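Inspection log for the structure reproduced underneath, given as structure tokens.
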Amino acid sequence: YVAAVYEHESILSPSPAALVERRSALELMGRNLDVYEQQVLAAARQGAQIIVFPEDGIHGFNFTRSSIYPYLDFVPHSHSGKWNPCREPYLFNDTEVVQRLSCMALKNKIFLVANLGTKQPCERTDPRCPADGRYQFNTNVAFAADGTLLATYRKHNLYFEYAFDTPPEPDYASFDTPFAGKFGMFTCFDILFFEPAVNLIRQYNLKQIVYPTAWMNQLPLLSAVEFQQAFATAFNVNILAANIHHPTLGMTGSGIYTPVKSFIYHNMESYGGKLIVAEIPVITTGYKTNLDKTPGRVSEKGKEQSPPYFYAEMMYDNFTFVPVWGEKGELQVCANTLCCYLNYQKAVLTDELYALGVFDGLHTVHGTYYVQACALVKCGGLSFSTCGQEVTDATALIDFQLWGNMSTPYIFPLLLTSGITLDFADHMGWKNNHYFLSKNRTSSGLLTAALYGRWYEKD
């Protein structure tokens, strides 16, 4: 099927904390919707059957609970029957944004997914009802090609979004299409948690995901395109991921991903939006990883002259590292119950420092979640203290096998190369209670090769 995602440089309110009238809120959102309209038309002309827009693309961000109110539409939660906002605009008040989105879908005969802020009045008898008498949700809406509202999804894992409420129960949102079957949807930070993302995919055996996001890149392990690709690979799904484009805030990175190929956009240099259109196969069955290459075991010989261990902060976590010196070798580094192993051979010796790091513990900055990670990274400079820094360019081509005795089945294989480009492993999967990733010769200099494990039960 042909899919489109649009990385949108949203027109933002100059003072999001200021209280404004609904009229001026609609005026600002209308300018973003004008851009959406052009992009839907462009995507439809290229044969796209579905288009996805980013999180916060219509209203922006940094609102307070009261200042966002004029920007909120009323959207009935999906279980309340069929509604076509374009054809039935009079059913509810404050649905101007939803109406425009519905009409774009209808006019261009395309499935459309977008993100907006919504409001829902609640009864004082509801113990969870906020003091102001309403819920405010960060919401995705999906429309059919005839403009019908198919599904809504209210973001569950909020990321410092004080204007919004967490829904009382996780939404498991999906919708059917004639061209690729069932799609599931969730938003941004949700991708790191079991609820609802992993549970949704497992319960409904989903193979296609739409994913609006407003993601701030964090190298070396959580760049948007890097993690989006890893998620597609780990769960054997196609992901249509639309990010917002604000390079000054570190926000870029969208794409259309399959488990074995991706069409991505990552641009921290220039401004303006970007439409990606690609034809991808419908995934119908489970995907078996190629397990015919057994990773070798680290030999016991030569342990006495093993390189020194050192500690450095990476992704706000205290990693234990060992330097990757010389043109080839076998290394091991452990923390708690997790041991990581690396066999490597450098094609050419460069004056770049690489290190193998391990972390097994609770990550506590900007969210709390348990991580088990084995990571081969290029360091920022030549001293140990630079390992774990954000690096975007590298020249070293390395053949490697990386493996670890992970305690969780949820492993995201990361493979990032120079200039924030993606590469794909030759082989990966489980063997003898170890998860491994192997690659002969990356397409360009290696930035990160990592096994990013999420141990959800220990969050």
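The backbone N, Cα and C atoms fix where each Cβ goes, and this holds for glycine too.
Per TrEMBL, these features apply:
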| type | residues | note |
| --- | --- | --- |
| DOMAIN | 15-282 | domain 'CN hydrolase' |
| ACT_SITE | Glu55 | active site, proton acceptor |
| ACT_SITE | Lys155 | active site, proton donor |
| ACT_SITE | Cys188 | active site, nucleophile |
Cβ-Cβ neighbours of Glu55 (active site, proton acceptor) (radius 10 Å): 28
Nonlocal residues around Cys188 (active site, nucleophile), in sequence order (Cβ under 8 Å, 6 or more apart): Glu55, Lys155, Asn157, Tyr159, Pro212, Thr213, Ala214, Trp215
Count of other CB atoms lying within 10 Å of the CB belonging to Lys155 (active site, proton donor): 25
Local confidence of the domain 'CN hydrolase' (15-282) - pLDDT mean: 97
